[in-house]
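Peer 1: According to Swiss-Prot, the protein carries these features:
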BINDING   S269, 330-331, 348-356, 370-373  UDP-alpha-D-glucose binding site
Amino acid sequence: MSLKGNDKELHLVMFPFFAFGHITPFVQLSNKISSLYPGVKITFLAASASVSRIETMLNPSTNTKVIPLTLPRVDGLPEGVENTADASPATIGLLVVAIDLMQPQIKTLLANLKPDFVIFDFVHWWLPEIASELGIKTIYFSVYMANIVMPSTSKLTGNKPSTVEDIKALQQSYGIPVKTFEAISLMNVFKSFHDWMDKCINGCNLMLIKSCREMEGSRIDDVTKQSTRPVFLIGPVVPEPHSGELDETWANWLNRFPAKSVIYCSFGSETFLTDDQIRELALGLELTGLPFFLVLNFPANVDKSAELKRTLPDGFLERVKDKGIVHSGWVQQRHILAHDSVGCYVFHAGYGSVIEGLVNDCQLVMLPMKVDQFTNSKVIALELKAGVEVNRRDEDGYFGKDDVFEAVESVMMDTENEPAKSIRENHRKLKEFLQNDEIQKKYIADFVENLKAL
């Protein structure tokens, strides 16, 4: 499918939340649009500290530029903290306050840029009013699966859930059972998150969801029927094939092991496990007897080497030195997942990571830690049956080493029998769908053609 030369001049502004879990899908969307429609002009709005990284993520030679934003000073927000990766859990709220104070700056920029559309994130709930005053249309881009959008489009939103049991009942009505500890986590963010999302949906001209009917058919139908605004699907926005080579240190280590034998374990850049979770996870990986590559992250202001020594079980590093790596810091995750020796992915079920796992041949073992990760995991494990979730205690989410071992064992051993056989086949079918370039391009083309017609 080639649409080059078929592009009416169109100018889009991208304004994601200052978190790379949000910035990345906006970049991927930009890259896919510019590949099919090189005449479409795209302008990114980003915090100054993130500009260079975003520029390296964008396709070269595209009609896309990044404009740095100045983040206002807020008491208590450390200087230089301009995205959630640099913020502590205590200062993320202050980062959002600083973003809210950018409204005059954003209005001035939009008045000068005069784009056709602004594609914005849920934290920027105030943007539709600003854009409307300037005669600019707005698109709310949900980087979440449709199951997270549902409470904000549901007719139940007039009576928001206020207890743990309310949350459990609401999610059950969507066909997604959640445990008590998950409902507590969801309830803690429900009011602010869905209040913002409500304002985004009701204020925008149209809503764009990073999902597809092949993965969430009935929920997408419900969202489309209940939404106050037109709903467009962009598909799961599968990342482009990775470029460059895997770091030689990691490549040499992975090359030592047979195909599909290594467990890669990571929880993203913004999830910090507790001491108990680190201990049980490490011991569970050791119990499998398989080689593993464990990535652990700690807050920016701590000594990572000291934290690894403090939190890992006594003698652990010595016991696993021949078949285990424990690392803290950034790694080339997509390169590692694509390596021939990697056969299992133990992770937090962040949506972007789910897609990265599905397009590779590594079996998914999910250990969700917060909000949308809980429901993402249920969709993959219980509905699509393309992975498994680590069993956890209902009241507090505790998991032990045996729970980790049993989850890995269920997909990595005795693969010719159930449940591993069916899980692997379902994974294969999803991978085939996600790697169908024509289907993915059609989502982008349908979206852009609809924008041209508006």
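Placement of Cβ uses the backbone N, Cα and C atoms for every residue, glycine included.
Burial and contacts for the listed features, if you can.
Peer 2: Within the same chain, residues at least six positions away from S269 (UDP-alpha-D-glucose binding site) with a Cβ under 8 Å of its Cβ are F20, A85, N297, W330.
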Peer 1: Per DSSP, to which secondary structure element type does D372 (UDP-alpha-D-glucose binding site) belong, with helix, strand and coil as the options?
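Peer 2: DSSP assigns D372 (UDP-alpha-D-glucose binding site) to helix.
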Peer 1: Between V331, A349, I355, which of the binding-site residues has the fewest other CB atoms within 10 angstroms in the structure shown?
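Peer 2: V331, out of the binding-site residues V331, A349, I355, has the fewest neighbouring Cβ atoms within 10 Å.
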Peer 1: In sequence order, which residues at least six apart in the same chain have a CB under 8 Å from the CB of Y351 (UDP-alpha-D-glucose binding site)?
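Peer 2: Same-chain residues close to Y351 (UDP-alpha-D-glucose binding site) (Cβ under 8 Å, separated by 6 or more) are V143, Y144, M145, K210, D372, N376.
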